[in-house]
């Protein structure tokens, strides 16, 4: 056991976690189906000038269902800065490029928050649904009421999403043991399989089908009216265009400017009519960034970057939050099947307990051979969280050397699973600022993890719940009999999952464990809050003809995992905007 402990703590220093195991790779038949939709084009093939009823910026988790819905009765342009969510090369090379972020076609763009936590920003049609763990769960009824949404339309929009790409998972023994352990330690009742967000332990939905194939928000485009939709890939929007209009007291959005990969600028205008709109669905980072690049944001900040101020809107980029995640790796004495998030424990203390396991957390080695390196899935340096190497040194070659080094380690060090916790809310929040006026660059992001004591208290409750799960009878088949909880947490605390200074003490309080091992679970939100930047119909204050519809409008992350609600919001607002269009 001592030898195993050393291997498990040393391995992540060399390389690591990929619960992005399926990443954006889907069956060729899926690629062929999407490519056969003739409305999907490359930005280089777009005219220099064009016009539409709606211009949707961002083909992600909200943008795809929104554009598909609006296309039913209108002419819609969907602009996506990335490519298709399916590999056009070998899976090994695509995987390496995605992690190293060296290719313009990479489906993910890494960024490191000012807090020292490495994150990922989707850059692909389908957005974060191409990169996540696939878990599907609705927001709570309380969340829906607080948002002021129409509950009936919310339910029908969720059902529309679920008919398209949500499945019931097969629950393997490791996940079943986690479920039973959660119930044993008091995370009750047993809610079985449900999409609903209710206190207790449940099995949620998944966007992976029974063959293990990932489905994404791009699938919604198959419901679009072909003549009503144009999708442009590799189209980077640099700014929204505004003009003054007689009889209108505010600047009016009338189009956008985007660049194709060759640097050629294209202009797209809204067609005549006061119901036509530009809709930003570029995500928590992209939406506030684009508003600021277009002159809508804090005046002093915009002027410092030489941007003409259209509207002084100090709340753009404020209130940005990321639900902190902490995890622990539990080595298993028996083989463990590969599984992503399927079970969740929703505690009364405000923390959510989930788990992922892996058949040695394999990742492909890019040498043409059918070999699999060993890593630790999404908790690993190979997804960009290599705290021992500066970002510029995380090259494909470095990742390859790390993967090969891990091949020499004891296989038992990679046999097991992670139990993780995420907190409700969170209460702590930060802000987004521009680093540069280049729309391709990531902005500066500060999340202020655990700035508020309430968040840290919730994390501690979550860690204490995980400790009890590890010691439970239900989970005993997947733990070594002579392994102490303290040693398991000590090993996990040594994983270089972030760029924060490492503490070398052997014993850690739960509070210190939370702060030392904080990671992202990619549930960041805010920056364009309802009531601060947009109204209840997601129209941007101070201008006309412009909305923001995505996770940047959320004050708190919905449910245990937000993707279901972000997809629902795209459909929900698409239906509402359509109905408004036909009102006199």
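Note that Cβ sites are derived from N, Cα and C of the backbone, with glycine treated the same way.
Heads up, TrEMBL stuff is auto-annotated, nobody curated it.
According to TrEMBL, the feature signal peptide maps to 1-26. The FAD binding site feature in TrEMBL is assigned to 124, 237, 522, 523, 562, 563. Taken from TrEMBL, the feature domain 'Glucose-methanol-choline oxidoreductase N-terminal' applies to 283-297. Taken from TrEMBL, the feature disulfide bond covers 459-514.
Proximity of distant same-chain residues to the domain 'Glucose-methanol-choline oxidoreductase N-terminal' (283-297), defined by a Cβ-Cβ separation under 8 Å and at least 6 residues beyond the stretch ends, is recorded for 57-58, 60, 111, 121-122, 127-128, 237-242, 307-314, 316-317, 320, 432, 434, 437, 439, 442-443, 445, 524-528, 533, 540, 542-543, 548, 550-552. According to DSSP, the secondary structure content of the domain 'Glucose-methanol-choline oxidoreductase N-terminal' (283-297) in residues is 11 helix, 2 strand, 2 coil. Rounded to the nearest whole angstrom, the C-alpha distance between residue 514 (disulfide bond) and residue 523 (FAD binding site) is 17. Sequence-distant contacts of residue 523 (FAD binding site), defined as residues of its own chain at least six apart whose C-beta falls under 8 angstroms from its C-beta, comprise 322, 323, 422, 557, 561, 562. When the Cα atoms are compared, residue 522 (FAD binding site) and residue 459 (disulfide bond) turn out to be 17 Å apart.
Across the structure, residue 459 (disulfide bond) and residue 237 (FAD binding site) place their CA atoms 38 angstrom apart. Look at the recorded positions 124, 459, 514 and count other Cβ atoms within 10 Å of each Cβ; 514 has the fewest. For residue 237 (FAD binding site), the same-chain residues 6+ apart in sequence whose C-beta sits under 8 angstroms from its C-beta are 57, 79, 81, 256, 257, 258, 282, 290, 439.
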